[in-house]
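Worksheet for the structure shown next.
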Amino acid sequence: SPSCSMAGFTVWDYVVFAAMLLVSAIIGIYYAFAGGGQKTSKDFLMGGRSMSSVPVALSLTASFMSAVTVLGTPAEIYRYGAIFCIFAITYALVVLCSAEIFLPVFYKLGITSTYEYLELRFNKYLRLCGTVLFIIQTARIHISFDFISSFPFQTLYTGIVIYAPALALNQVTGFDLWGAVVATGVVCTFYCTLGGLKAVVWTDVFQVGIMVAGFSSVIIRAVVVQEGIGRIVNDSYYGGRLNFWDFDPNPLQRHTFWSIVIGGTFTWTGIYGVNQSQVQRYIACKSRFQAKLSLYINLVGLWAILVCATLCGLALYSIYKDCDPWSAKQVSALDQLMPYLVLDILRDFPGVPGLFVASAYSGTLSTVSSSINALAAVTVEDLIRPYFKSLSEKKLSWISMGMSLFYGGVCIAMAAVASLLGALLQAALSIFGMVGGPLLGLFSLGILCPFANGIGAFVGLVSGFAISLWVGIGSQIYPPLPERTKPLALSTDGCNITSVNITSTENPLTTIFTTPAVERPALADNWYSLSYLYFSTLGTLTTVAVGIIISLLTGGLKQNTDPKFLLTKEDFLSNFSRSKSETKVEVLNHDPFTVAAEGTDNPAFSHIEMDVASDKDKVNGLHI
């Protein structure tokens, strides 16, 4: 608990938090009726494919940077140093890959669910595999960075996203735990169900502003308290926090330049490039140019949030360099340091602590709302539309709303479940997080390798999944030793012993590099100690390598693949075209295909059938 000098939340703090929720709800109500409401499932799930680049860019930034960013990133920099800033390079590479490799193909096909592509390119069984993996997918980012993307684990994660920051804030500030959990979940479900993708995007725009305002208030006050930013930088330098450049090539080290740039690029491309919750928004733009522009503008937003979080982390260290609240038992977890700092330096400014809490919950709302909308899209497009072709667009629109309401309710329920599961849940979610890399590998095979066939893609996916689970499970059973994570020194020398309740006389630094007594096999200190950032890299490369080999062995070179399923030279050269014409979305049509027309192994995608040029020539099992 905080020290006796800490003040709790005031009425004004609750007012600021409530105002953030109210504005979010009003945006949902507005888009429920604006422009005639949600007339079709495409209106609800894709915003009518009429979105502009700037709001989509801010939405991508907001949902990518959850409450974990607000609470976890400053604590990461406080504990491990500013090497985390190298992710700025990673973000640039991720956006480049997503905009120039995956976006052109997804956009020209006009798909709603990314897993539609797998049936178009390979077969319906791989589409089912991709959908199921999405339904159990997590992308694990260590030290509080979890990005889980599906039901039931997606809904369980969104429960954690709602519950975890509420718990951290409650333990430090006294902010009402379950009141915040229920209010956040209800408001998020409300505007997602009423307003669809447009409401999600525009509330994200509002919420990213709140996030920046919350960070800014802390940074400005910290600079004033420390009498200038120079002192913060100086303290950070002498405290070893400005450790930007570590070129150690050892893949077992948790964070180095290479693990962040290489491993981080694979990890986050699996989210930006092929993850439904991100892709769904940028392919909802009204032109391919706008879609690409949204990703590049979003990059600026990612950098801005990263800079803010870094400055907060350095300010944390500068203020508490001589009296670490975590070592002194003033907080029980590192993610409580930011709310602790807020109450410490902003307690004399009514409403400002509430602004910071609103910024944390803005990250929560943006992440959860994007997940709910993506889950509804995958359910409708992959599990309902292909099998119930007689449903009208109006009925599908209502079903989409119902799915949003359902998933929102489940997420609130999962917040209660998350409160009961503890550390076991973290281990379970981390194990399931190993599928992000294989999924990225599967899409990469389809888009970049014209000779890849369904057999090779399936065997590659299974191989990548197996090896990812192997290293992932091993890392959970035998966690890397602390010398691999390189935590930096903390001190309690300057603490006032009379006002700090130190429950242990043991120096916290004496236990940092203590080797556990549990016997560790040989694999534990090499294979299982691989940096978490390389898990996705390993899964992706295994999937691609095995997929290529099996495809070549099973006649992949003999097949003719339709260029529209591949990244072509024209897709790249279009960036330099002087033509002012925009690429328009060709919305897919799911009308049933008759047996008389000779059928296809992809019945949900009969619109791919073209005029018969030759009975002997086929592309991916389809007549052309």
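Any Cβ shown, glycine's included, is placed from N, Cα and C.
For reference, TrEMBL has these:
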- 12-33: transmembrane segment (TRANSMEM)
- 54-71: transmembrane segment (TRANSMEM)
- 77-105: transmembrane segment (TRANSMEM)
- 151-170: transmembrane segment (TRANSMEM)
- 177-197: transmembrane segment (TRANSMEM)
- 255-274: transmembrane segment (TRANSMEM)
- 295-320: transmembrane segment (TRANSMEM)
- 355-378: transmembrane segment (TRANSMEM)
- 398-421: transmembrane segment (TRANSMEM)
- 427-448: transmembrane segment (TRANSMEM)
- 455-478: transmembrane segment (TRANSMEM)
- 532-554: transmembrane segment (TRANSMEM)
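The stretch with the most CB contacts under 8 Å to the transmembrane segment (398-421), chosen from 77-105, 355-378, 532-554, is 355-378. Against the transmembrane segment (177-197), stretch 355-378 shows more Cβ pairs under 8 Å than any other of 54-71, 255-274, 355-378, 532-554. When each of 54-71, 77-105, 255-274, 295-320 is scored by its Cβ pairs under 8 Å to the transmembrane segment (532-554), the top-ranked stretch turns out to be 255-274. Contact counts against the transmembrane segment (12-33), taken as Cβ pairs under 8 Å, peak for 355-378 among the stretches 54-71, 77-105, 255-274, 295-320, 355-378.
The transmembrane segment (77-105) makes no contact with the transmembrane segment (54-71): fewer than 3 of their CB pairs lie within 8 A, with pairs spaced 6 or more apart in sequence. If you look at the transmembrane segment (355-378), the same-chain residues 6 or more away from its ends with a CB under 8 A from one of its CBs are 9, 13, 16-17, 19-21, 24, 44-45, 59, 62-63, 65-71, 112-113, 115, 131, 134-135, 149-151, 154-155, 157-158, 161-162, 165, 169, 173, 175, 180, 184-185, 187-189, 191-192, 196-197, 199-200, 203-204, 206-208, 210-215, 217-218, 275-278, 280-281, 338-339, 342, 346, 400, 403-404, 407-408, 411. Against the transmembrane segment (54-71), stretch 295-320 has more CB pairs under 8 A than any other of 255-274, 295-320, 455-478. Tertiary neighbourhood of the transmembrane segment (295-320): same-chain residues 53-54, 56-58, 60-61, 64-65, 69-70, 73-78, 82, 84-85, 87-88, 91-92, 95, 98-99, 103, 208, 211-212, 215-216, 218-219, 222-223, 225-226, 231-233, 235-236, 239, 241, 272, 282, 337-338, 341, 344-345, selected by CB-CB distance under 8 Å and a gap of 6+ residues from either end. Tertiary proximity for the transmembrane segment (455-478) is limited to same-chain residues at least six positions away from its ends with a CB under 8 Å from its CB atoms, namely 122, 125-126, 129, 133, 140, 427, 430-431, 433-435, 437-439, 441-442, 445-446, 520-521, 523-524, 527-530, 532, 535-536, 538-540, 542-554, 556.
Beyond the ends of the transmembrane segment (255-274), by six or more residues, the same chain brings 60, 64, 80, 83-84, 86-87, 89-91, 93-95, 97-98, 101-102, 114, 139, 141, 147, 149, 245-249, 295, 436-437, 439-440, 443, 485-486, 531, 533-537, 540 to within a C-beta distance below 8 angstroms of the stretch.
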